[in-house]
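A.B. asks: One structure coming up, written as structure tokens, with questions to follow.
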């Protein structure tokens, strides 16, 4: 017999996060960045503890980002100034693997490049799937076939093949951020208009352990950006301001996400949907969906450019322009491909965001770290392992039982 419908966060969020097909009245929203629309539902399930996790996750991701970039530098003998001796995630891996085993640094470099490419290609494909679903939803009155919407989305994204510099990518990312702010403001303003119906009783102190683990994963991975930090820090005019920039970025993101999630929960309470836009009135939902479509399309160039750079310089040796679009297109018709992305993302996402930055920092700076710093790094590393294992287990359950 078919499995029963999911009644807990682990089931409903797997459908949302891993994209096991959109609901009839809502688009598939599972790509990083659009992940924030699932935060209110995660907060409903995790209660007041979820509010603490929202704030703590911002600090954790800020910490791992700073430590990862710190591994690009080595202190001079005077211990007064630092010199940038590494330039990428791969260089850090090479430095950590030296002396462990003959040629292990080469193997480690290939492993980190493959992990980065998997993470980026999964992200690119998710944005393409999200764009297709949003386009289908926006044109529901015409009812175009899904294949036609896929081709239309792809046509919008083909100019990404011409990107050869990070500056236009930065401009598109800025426009994406503006679209994201507009979406958040629309939802927040609607919630404020319903302030007379707010109730703090919608937040609970008791949480279900299984639901809480999945909620933590949703919250943490809404902050991830570590894979882009080494090249971003490298092109800054004043690299000394990197830590300040990263701190302000995570601080503002924390305030925005906490406010967004809390107001949504106070407004809809237990009726909060897995994707918060499903709670919006019919006259506002099409506007938000169009903004989400713009955000998904504008989010695409950054992971595409990063994946193309790695493939071109390290793996495909100049064959990127011909092979990368073929890889993305071939992934669209794969059955339950989004569940496969959830499975691989649980491994690569946790590794690139939580595990490896702390592991690298401990390996390269062990002798110069205070006991407190070592304990913090080891605690975050352990959290990354737990998140990775929990994500793999939930994804395997989704594959096996279809929850």
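Here the Cβ of each residue, glycine as well, is placed from N, Cα and C on the backbone.
Heads up, TrEMBL stuff is auto-annotated, nobody curated it.
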A.B. asks: Choose the correct range: of 171-192, 281-302, 303-324, which one does TrEMBL annotate as transmembrane segment? Give that range.
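C.D. replies: Among 171-192, 281-302, 303-324, the range TrEMBL annotates as transmembrane segment is 171-192.
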A.B. asks: Among 34-60, 110-130, 142-164, 244-268, which stretch has the most Cβ pairs under 8 Å to the transmembrane segment (171-192)?
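C.D. replies: Answer, by Cβ pair count: 244-268.
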A.B. asks: Under 8 Å between C-beta atoms and at least six residues away from its ends: which parts of the chain pack against the transmembrane segment (212-232)?
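C.D. replies: Sequence-remote neighbours of the transmembrane segment (212-232) are 9-10, 13-14, 17, 32, 35-36, 38-39, 42-43, 45-46, 49-50, 53-54, 57-58, 60-61, 64-65, 68-69, 72, 86-89, 92, 116, 119-120, 166, 246, 250, 253, 257, 302, 306, 309, 346, 349, 352-354, 357, 386-387, 390-391, 394.
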